[in-house]
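Per Swiss-Prot, these features apply:
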BINDING   H83, H182  heme b b562 binding site
BINDING   H97, H196  heme b b566 binding site
BINDING   H201  ubiquinone binding site
TRANSMEM  33-53  transmembrane segment
TRANSMEM  77-98  transmembrane segment
TRANSMEM  113-133  transmembrane segment
TRANSMEM  178-198  transmembrane segment
TRANSMEM  226-246  transmembrane segment
TRANSMEM  288-308  transmembrane segment
TRANSMEM  320-340  transmembrane segment
TRANSMEM  347-367  transmembrane segment
Amino acid sequence: MTNIRKTHPLLKIINSSFVDLPAPSSLSSWWNFGSLLGVCLGVQILTGLFLAMHYTSDTATAFNSVTHICRDVNYGWLLRYLHANGASMFFICLYLHVGRGLYYGSYTYSETWNVGILLLFAVMATAFMGYVLPWGQMSFWGATVITNLLSAIPYIGTELVQWIWGGFSVDKATLTRFFAFHFLLPFIVAALVMVHLLFLHETGSNNPTGIPSDPDMIPFHPYYTIKDILGFLIMLTALSTLVLFSPDLLGDPDNYIPANPLNTPPHIKPEWYFLFAYAILRSIPNKLGGVLALVMSILILAIVPILHMSKQRSMMFRPLSQCLFWLLVAILFTLTWIGGQPVEHPYIIIGQTASILYFLIILIFMPAISLMENYLLKW
């Protein structure tokens, strides 16, 4: 008798995706982040659903409704901080997942990679709109500053901003629509995840060596299910520790002050996971130029497959490219730090230098070093 998991119309889809899926035998822990992101998305949707039951998207009551959740709802404080810090954990896993893809050449699966970039944009949009909902000072001013960037678009900019705001400033209409989209987008993200996995399972996984592993496959279950569960435990332990011991570590104290359009905070900044892009935006004195640089800082990932000049897929055997990769990581940390600093000397020049290096490494140095490595290996 054939096993039901191989014959049942629904179970066989799950079986071919998570049980009998052929996987390379050499996958390291860097391949855990896909499943960790799935867990993060699940946690965010669940906690968000329960928070939405108590939240009111009205400028007069939004801030108080969040206070009510924390003080009066059973374990409301836990839901709120799991959701807020869950977003941070989501982005940590997301950036590590993208970094893994860059290091090991996973971007050569162009469909999977491009859907991944769409996912990154969708998650960033979701997180931005979520940050506006508590209606604290940083929520209000962050929404004002970031949405106002669209006014840099020629001809239609001003009308576009007012259309998004639903008026002449960030107000009740803006908060209501942001809440609606913040609720909707995670489900669109979940649908995109299915497409991402569909394309991935068409080609099969890459592996650390970058060498085709067709002759050496093992079933996903039990080998990688156990490995993934260990990853879940480590990540959930880290998230629980953050939530229970230091829930406000990654937040901004200004967001505990109710939104006041008449009082601008001394330093407007987004959440920590957007600071690198915010630093690139600020490093260009021209508004339109800054907005283009901001978009390109993420969109540049789409042209990485075109810039791949090496005869080898992975960086595992390319020490010069490895040095450049880790320099890029250091620059991203520098940009994150600069994004959180005030706009004054010496931070301005450090931000501009780091921004230029960020684009130079990806666009020029990486392809040039790859060609040099090809030559050194006489290929």
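Backbone N, Cα and C atoms are what each Cβ position is placed from, and that goes for glycine too.
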Pairwise Cα distance for H182 (heme b b562 binding site)/H196 (heme b b566 binding site) [Å, integer]: 21
Candidate with sparsest Cβ neighbourhood (10 Å radius) among H97, H201, the listed binding-site residues: H201
Distance [Cα-Cα, Å, rounded] between H97 (heme b b566 binding site) and H83 (heme b b562 binding site): 20
Winner by Cβ pairs under 8 Å against the transmembrane segment (33-53), considering only 77-98, 113-133, 226-246, 288-308, 320-340: 77-98
The transmembrane segment (113-133) in contact with the transmembrane segment (320-340), cutoff 8 A, at least 3 CB pairs, sep 6+: no
Interface-richest range of 178-198, 226-246, 320-340 toward the transmembrane segment (77-98), CB pairs under 8 Å: 226-246
Nearest-integer angstrom distance between the alpha carbons (Cα) of H201 (ubiquinone binding site) and H83 (heme b b562 binding site): 30
In three-state DSSP terms, the structure that H201 (ubiquinone binding site) belongs to: helix
Number of other Cβ atoms within 10 Å of the Cβ of H83 (heme b b562 binding site) across all protein chains: 21
Alpha-carbon spacing, H83 (heme b b562 binding site) to H196 (heme b b566 binding site), which is rounded to whole Å: 24
